[in-house]
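A.B. asks: Handing you this structure, nothing more for now.
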Amino acid sequence: MAEVKNTTKTYTLNTGDKIPAIGLGTWQSAPGQVDKAVQDALRAGYRHIDTALAYGNEKEVGQGIASSGVPRDEIFLTTKLDNTWHKRVQEGIDSSLKSLGVDYVDLYLMHWPSSTDPADTGKHLEGWNFVDTWREMQKLVGTGKVKNIGVSNFGIKNLEILLNDPSCKIVPAVNQIELHPGNPSPKLVEYCRSKGIHPSAYSPLGSSNSPLYSNDTIAQIAKDKGKTPQQVLLAWGLQKGWSVLPKSVTKDRIIANFEMDWSLTDEELSKIDSIPDRFKVCGDSWLPIKVFFGDDE
Ligand SMILES: NC(=O)c1ccc[n+]([C@@H]2O[C@H](COP(=O)([O-])OP(=O)(O)OC[C@H]3O[C@@H](n4cnc5c(N)ncnc54)[C@H](OP(=O)(O)O)[C@@H]3O)[C@@H](O)[C@H]2O)c1
């Protein structure tokens, strides 16, 4: 059997750049914990870190990168434009670069297809939408501040609107979306692939207090393989062909989540595919507009 090398595996984006298959997530990583988590991850071999302006931890993520001793050019760093910054894309990237203490990010994502009024976060920004935001984000390409641009939380409906707009000259390199066995989104993944957009999995473990850890199918496969349920969930995502962004601030978990040079059998994969329970970690009820339309997001 061919050797499985998930820890050095990359996916080639539509720009030709390569995104490492496993990245460290940092949402809800508390202040005082992220710097160390990033260092632990980079020392364990991770070369991909995911943050966002909205997480409020870019500064600490940057400190972790700087203290790790791993050269910046070996790290794939992603951050995201916050909803209240849609009309201020140039300012948004400058703010993130400053906080992170870096000259560029490898991937800059529109966090949500929702432009929120900064003066009233309960309101949609009048006369503006994500197509306008993307028009502005496209201007960042070639400035040296971003290597790739992409989107997040886009379902098929919003991707169609974006891609069909005449102002859309650059196809997003990535769509970062919720993907785990409770929200596998096969139609959306297939749609992304058909357009050359790499799907990247957020909440790949099912997020905090994940019900997947106690799922019988996952638990049995983990037992049979001598792996943890979390490792089984990550292997499933990697074998589906997307990048996975497990978050942890716990050193032994960070290390375990990167011990991934092995694979599930086709039978094990199809058992996980057959888990019927559906759940979603990130909805859109907190946004001023609807962004999910039940079309398999
Ligand atoms: N684009 C978006 O809108 C969006 C939305 C959500 C998430 N994300 C990104 O995706 C990343 C991952 O998603 P997520 O943070 O929601 O959840 P996740 O990675 O699916 O799960 C994180 C949770 O699992 C725990 N955990 C991690 N490894 C474990 C292990 N080996 N054993 C037991 N528990 C373990 C963590 O605890 P400890 O940390 O306490 O160890 C944490 O509570 C985020 O951090 C963020 O970077 C993006």
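The count begins at 1 with the first shown residue.
Note: Cβ is positioned from N, Cα and C throughout, glycine not excepted.
In TrEMBL, annotation is done automatically, which means it is predicted and not curated.
Fair warning: this is a prediction, and the values are worked out from it, not measured in the lab.
Quick paste from TrEMBL:
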- 22-275: domain 'NADP-dependent oxidoreductase' (DOMAIN)
- Tyr55: active site, proton donor (ACT_SITE)
- Lys80: site 'Lowers pKa of active site Tyr' (SITE)
- His111: substrate binding site (BINDING)
A.B. asks: State the mean pLDDT for the domain 'NADP-dependent oxidoreductase' (22-275).
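C.D. replies: The answer is 98, the mean pLDDT of the model over that range.
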A.B. asks: Give the sequence-ordered list of residues that share a chain with His111 (substrate binding site), lie 6 or more positions from it, and have CB atoms under 8 Å from its CB.
C.D. replies: Ala52, Leu53, Ala54, Lys80, Leu81, Asp82, Asn83, Ser152, Asn153
A.B. asks: Measure from the Cβ of Lys80 (site 'Lowers pKa of active site Tyr') and count the other Cβ atoms within 10 Å, all protein chains considered.
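C.D. replies: Excluding its own Cβ, the number within 10 Å is 27.
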A.B. asks: For the residue listed as 'active site, proton donor', which of the three DSSP-derived states applies: helix, strand, or coil?
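C.D. replies: DSSP call for the residue listed as 'active site, proton donor': helix.
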A.B. asks: When you measure from the Cβ of Tyr55 (active site, proton donor), how many other Cβ atoms are you left with inside 10 Å?
C.D. replies: 20
